[in-house]
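The block underneath contains the structure these notes are about, expressed in structure tokens.
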Amino acid sequence: MSDSGEMSEFGYIMDLLARGKVTIKNIERELICPACKELFTHPLILPCQHNICHKCVKELLLTLDDSFNDVGSDNSNQSSPRLWVTSPSLDKIDRINRPGWKRNSLTPKTTTFPCPGCEHDVDLGERGINGLFRNFTLETIVERYRQAARAATAIMCDLCKPPPQESTKSCMDCSASYCNECFKIYHPWGTIKAQHEYVGPTTNFRPKILMCPEHETERINMYCELCRRPVCHLCKLGGNHSNHRVTTMSSAYKTLKEKLSKDIDYLIGKESQVKSQISELNLLMKETECNGERAKEDAITHFEKLFEILEERKSCVLKAIDASKKLRLDKFQTQMEEYQGLLENNGLVGYAQEVLKETDQSCFVQTAKQLHLRIQKATESLKSFRPAAQTSFEDYVINTSKQTELLGELSFFSSGIDVPEINEEQSKVYNNALINWHHPEKDTADSYVLEYRKINRDEEMLSWNEIEVCGTSKVISELESNCNYAFRVRAYKGSICSPCSRELVLRTPPAPVFNFLFDEKCGYNNEHLLLNLKRDRVESRAGFNLLLAAERIQVGYYTSLDYIIGDVGITKGKHFWAFRVEPYSYLVKAGVASSDKLQEWLRSPRDAGSPRYEQDSGHDSGSEDACFDSSQRFTLVTIGMKKFFLPKSPTFNETENRVLPMPTSIGVFLDYDKGRVSFYDMDHMKCLYERQVDCSSTMYPAFALMGSGGIQLEEPITSKYLEYHEDM
């Protein structure tokens, strides 16, 4: 752009400023660096198309370098490398910007940092800051703005002897400002310097030709449409832009200038519309403020009514308690006075003893009759002591559970928005929580807010965590193991909110999820078992060999168990996994087994003639019922015919019920360090059975099938589910 053209555009902008079309505040917002919050100084264009000062980029990178070094050396507790730490010293920054500074003498090692404008990570690549373009256009506009802002401040001549004169020209080739006399001296007519380019007084000097940062000796003459940045012909021939679509700089200049001009004209042409919309927004803000205050007053009125009712009920309850207390105390006082009278009857006893000395029978009878009644009354009081009243006030305990629940659900009117309901059958917790809900009327809510919180053992409720959801399901991760969590959801339509749904409480597994698949090599019998391609489901099928061996049933032959194990072993820690047994399954065994026990089970060939199966034993040597040793190297439970069979143990009598309904999903918890295995009902996260197991060697998830049956490993809520919704 020529100097005359730039000056005319600048005059146009200043004219708009003078007429109030564009405010200075808005221009400042575009000319301020997002890092230092000051006017740009030597701005660079980042890959995200935001601008930042050259000095600010250096400072950010050096700051991150220092923070990473501090984290590595001091083992800091900072959770994120984006935490701002003390900036590097000014001496270090000054050394970077000195003219004699060498390229690699203080180059920051870090090349990735968050853009201060959009907070997205910016990777500068191998060339670092050297690969960024300097935004000369923005630099020129900033300088012109500075000149306009300080119109009364003059730029002095750089070559005058003190005192310097006010400059009238600035030479772009010499990067200096001159008064008329000095300009004539240093740019004499007929010399090469007389051909230098000069402009009005300025402090912003930029090179006449924009050079390529990748190829420092090449001039920028093309524009990459894909990367949206200027390039040179070497970049197009064999550089990073060889396969990109490029256009000439003049064409890009013309196209971008036309677009920018149209956008500016559009914004200026919509000035009246924008002003009317601003006025409307101001009215809406005032109306919102008034309505909000009115809503607060109404809410305060309703709560004050509730407080009045509570105070009234409180007064009645306290009066009833005081009346009962007074009545009981009066009874105790009367009884105490009666017993106090017994103490005063010590004289009566002495009097009775004197009466006994009377020898005249008629006189004695006359006196002793009344005396006997008095002594008999005192004797009966001593024989049966009962307090006159109760000290307990159990009948006066206030039951506020229902009222507390109602007050906890206190909310605004739904205004036609139905309360969503959480689907308990489709909601479950494994390593993450999958919460599903449905709305009675479809498409009535714009969005939902799912709330969840942890419930401590003492029933203490923590604050709710909120997640905004557009659909009717959500996966929640990073939940703590072996904890209860409460979930609820509410619907939003515009700014109107429905009441919260009924809370659903789910318990997380007692340990992190152990991921494994069925092992298709170790002990897997493909004649009897059918494994799917994903290796997370296995089915038992009757083969031809099994039918040929059926003739041995006449001599007590029993069908063998077919074992299959997990492809990953456990050598330490706590682990949890879950599986489903198909309802049609005849007999399935599941649990854990050590590596040496598995070798013992699997060393014999899987055929009917194997010595592992005795004709008359009628029992599988791999059964967990064979012994009650607390330190055995395996533990398996039996599932089949829609039942869950608890293994025999010394704590179970034969008369006890060892048969439970088969859970929909069964969980296994192995604490390797403590040598303990537990089996859970996943529907209620309830422990069904646990026992000690010898974990002196590597332990594997173990399964066995006999007859028809199927086992499906539970997916850990699920990568498939997440990928599906990401694709959506």
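Even glycines carry a Cβ here, placed using N, Cα and C.
Because TrEMBL annotations are produced automatically, they should be read as predictions rather than curated entries.
Summarising the annotation, TrEMBL assigns compositional bias 'Basic and acidic residues' to 613-622.
Residues in the domain 'B box-type' (207-249) partition by DSSP class (helix H, G, I; strand E, B; coil) as 7 helix, 11 strand, 25 coil. What TrEMBL records for 207-249 is domain 'B box-type'.
Positions annotated as domain 'COS' by TrEMBL: 356-413.
Under the heading domain 'Fibronectin type-III', TrEMBL lists 419-511.
Positions annotated as domain 'B30.2/SPRY' by TrEMBL: 496-720.
TrEMBL lists 606-626 with the feature region 'Disordered'.
Long-range contacts of the domain 'B box-type' (207-249) within the same chain: residues 45, 49, 127, 130-133, 136, 172-173, 197, 255, each at least 6 residues beyond the stretch ends and with a Cβ under 8 Å from a Cβ of the stretch.
For the domain 'Fibronectin type-III' (419-511), the DSSP counts in helix, strand and coil order read 0 helix, 45 strand, 48 coil. Helix first, then strand, then coil: DSSP counts for the domain 'COS' (356-413) stand at 34 helix, 0 strand, 24 coil. Model confidence over the domain 'Fibronectin type-III' (419-511) stands at 84, taken as the mean pLDDT rounded to a whole number.
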